[in-house]
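Student: What follows is a structure written as structure tokens; I'll ask about it next.
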Amino acid sequence: MLAYRHAFHAGNHADVLKHLVLTQVLRYMVSKDKPLRYIDTHAGAGSYLLKGKDAQKKAEYREGIGRLWSRPDLPPALADYVQLVQSFNLQPDENGVVPELEKGMTPPLALYPGSPSIASMLLRKTDTMRLYELHPSDVRTLATHFGHERRTNIIGGDGFAGLKAELPPSPRRAVVLMDPSYETVGDYGKVVAAMRDAVTRFAEGVYIVWYPQVSRVEAVQLPKRLMALAPKGWLHVSLTANKADGHGFGLMGSGMFVINPPYTLHNTLATEMPVLLEALAQFDEASYRIEEQPA
Ligand SMILES: C[S@@+](CC[C@H](N)C(=O)[O-])C[C@H]1O[C@@H](n2cnc3c(N)ncnc32)[C@H](O)[C@@H]1O
């Protein structure tokens, strides 16, 4: 089917939470001397033009990265994430044009990096990336950005099925991001099945699953089903930024479920989430939650 296009949502509150956590996990993993493999099972296009017509349709980024863009008072992990997005905006765009930057100013917010670009900025030469994506035009965009890199493989195929063949990786250190569109309700079951298989094949892996907070029983149950796969050694963080629309639909927030998280992640998020909540809240009952079951 593949009607979902991430360009409509790039940089929204859910991307902010997702990429904040991804940045922190990867920073920790690359602080160790050994090579790392990053596997993105649903990579998207890797880069999004925020002035493009898709991103402008609802301009969701304005209630996400847009609210953090020029804030000088962010705590360290949020400041780090925003700085990564700012440096991405200093790269030449698809037409080779470098955005103008006045001295001492933040660059204009024109581009938003997808998860492969965030990872690419953090990984070292000795690390490798495996990017799975089904949509042909996103695969082409990934190829434009990463096709020349020896450390990166782009696979135009199903990331749920592809993950089986990736595990265990060599070398045996990997971060897996599973970030489906949940366009069909079957994705919830596929996430649980893929994660069950993954922790059986490679128990030491660091697995990050994004899920939406929407009015759907499968979405509400997903974190509990993931907890059952990893009784010890998980962290769950969620942010409810918005209320449902008048019909009970819409993306209210999102969650990240991390299996084998860095031991530093809980304390980092405990500092950052109150600030993120204050910045991204769109209604009075907005809230966040952090739960952890250490290994
Ligand atoms: C939420 S977007 C990914 C966003 C990206 N991870 C990021 O953070 O920038 C989900 C992507 O998964 C792709 N997709 C859908 N089903 C897939 C599958 N079975 N395998 C791989 N990619 C899939 C969609 O085309 C879409 O680009």
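Placed from the backbone N, Cα and C atoms, the Cβ positions cover glycine too.
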Student: Using only what TrEMBL says about S-adenosyl-L-methionine binding by His42, Ser115, Glu133, Asp158, Gly159, Asp179, identify which of His9, His13, His19 is listed for that site too.
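Tutor: So, going by the record in TrEMBL, that would be His19.
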Student: Measuring Cα to Cα, how far is Asp179 (S-adenosyl-L-methionine binding site) from Tyr4 (site 'Interaction with substrate rRNA') in Å?
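Tutor: Here the two Cα atoms are 13 Å apart.
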Student: How many Å separate the Cα atoms of Glu133 (S-adenosyl-L-methionine binding site) and Tyr4 (site 'Interaction with substrate rRNA')?
Tutor: 12
Student: According to DSSP, which kind of secondary structure is Asp158 (S-adenosyl-L-methionine binding site) found in, if we only use helix, strand and coil?
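Tutor: SS state of Asp158 (S-adenosyl-L-methionine binding site) = coil.
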Student: Would you count the other CB atoms within 10 A of the CB of Asp158 (S-adenosyl-L-methionine binding site), including those on all shown protein chains?
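Tutor: By my count, 14.
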